[in-house]
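> According to Swiss-Prot, the feature glutathione binding site maps to S13, I54, S67. Swiss-Prot lists 3-82 with the feature domain 'GST N-terminal'. Sequence annotations record features per position, and here Swiss-Prot assigns domain 'GST C-terminal' to 88-208 based on sequence analysis.
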Amino acid sequence: MANLPILLDYWPSMFGMRARVALREKGVEFEYREEDFSNKSPLLLQSNPIHKKIPVLVHNGKPVCESLNVVQYVDEAWPEKNPFFPSDPYGRAQARFWADFVDKKFTDAQFKVWGKKGEEQEAGKKEFIEAVKILESELGDKPYFGGDSFGYVDISLITFSSWFQAYEKFGNFSIESESPKLIAWAKRCMEKESVSKSLPDSEKIVAYAAEYRKNNL
C-alpha cells in the first residue's frame with residue numbers, strides 16, 4: 001500500500017466522508033488511517049500544522065487539507081472518470097457557491113441541533129430547517145444538485161445524511177416533513193456505491209452523538 005494515497009480521517013466526520021466519497025467516486029484506491037483525536041498522529045500534525053484537523057489526503061507525499069479542497073483536488077488529480085464540476089465556468093462557480101453555503105450555513109446549524117440544548121438548540125433547529133428549505137429549492141426537480149450527474153455539491157452535502165437520524169432524535173423533528181425532496185435526493189445518492197460504502201450506519205452516529213451529549217451537556 002506504499003504508493004496509495006493516504007486518507008487521514010475520523011469515522012463520524014461528515015467532512016472526512018466527503019473525501020471518502022470523492023475518492024471512491026473516482027475509483028481511486030486509498031489507504032484509510034483512522035485518527036485518534038486525543039492522540040493525533042505525527043503524520044496529521046506534520047501534514048496539517050495550521051489546523052491539525054482531518055481530513056488530510058496525502059498524495060505523492062504531499063498533503064492536501066480541508067474537505068472541499070480535497071474533493072476539488074481529487075477531481076483534478078483523477079480527471080478521467082466522473083467529473084465533479086460542470087464544463088462551463090458559470091456552472092462551476094455555482095457549484096462552489098452552494099458547497100460554500102453548506103459549509104457556512106448548514107454546518108453550524110446542524111451542530112446546534114445535536115450538540116446543544118435549550119434556546120441554542122432551538123435557534124439551531126430553526127437555522128437548520130431554513131437552510132434545508134433553501135437547499136431543497138435549489139435542488140428543485142433535478143435528480144442531483146449537478147443536474148443529471150452526481151457532483152461537487154452533492155458530495156458536499158450527502159455526507160450529512162448519515163447524521164439525519166441523530167438530528168431528528170435530539171432535535172425532535174422530522175426532516176422529511178420539512179423537506180421531502182431532499183430526503184428523496186439523499187436516498188438516490190445512497191444508491192451509489194461510492195456513497196453507501198463511505199457513510200457509517202446512522203445508528204452508530206446516534207450512539208456517538210448521545211455519548212457526546214452525555215459527556216458535554
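Every residue gets a Cβ built from N, Cα and C, even glycine.
Would you situate these features in the structure and describe their surroundings?
The Cβ of I54 (glutathione binding site) has 25 other Cβ atoms within 10 Å, all protein chains considered.
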> Here are some binding-site residues: S13, S67. Which one has the most Cβ atoms within 10 Å of its Cβ?
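Neighbour-count leader: S67.
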> DSSP on the domain 'GST C-terminal' (88-208): how many residues come out helix, how many strand, how many coil?
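Its residues divide into 95 helix, 2 strand, 24 coil.
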> For the recorded glutathione site, whose residues are S13, I54, S67, find every other residue on that chain with a C-beta no more than 8 angstroms from the centre of their C-beta atoms, and list them by sequence position.
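Apart from the listed residues, the neighbours are D9, Y10, M14, F15, G16, M17, R18, A19, K53, P55.
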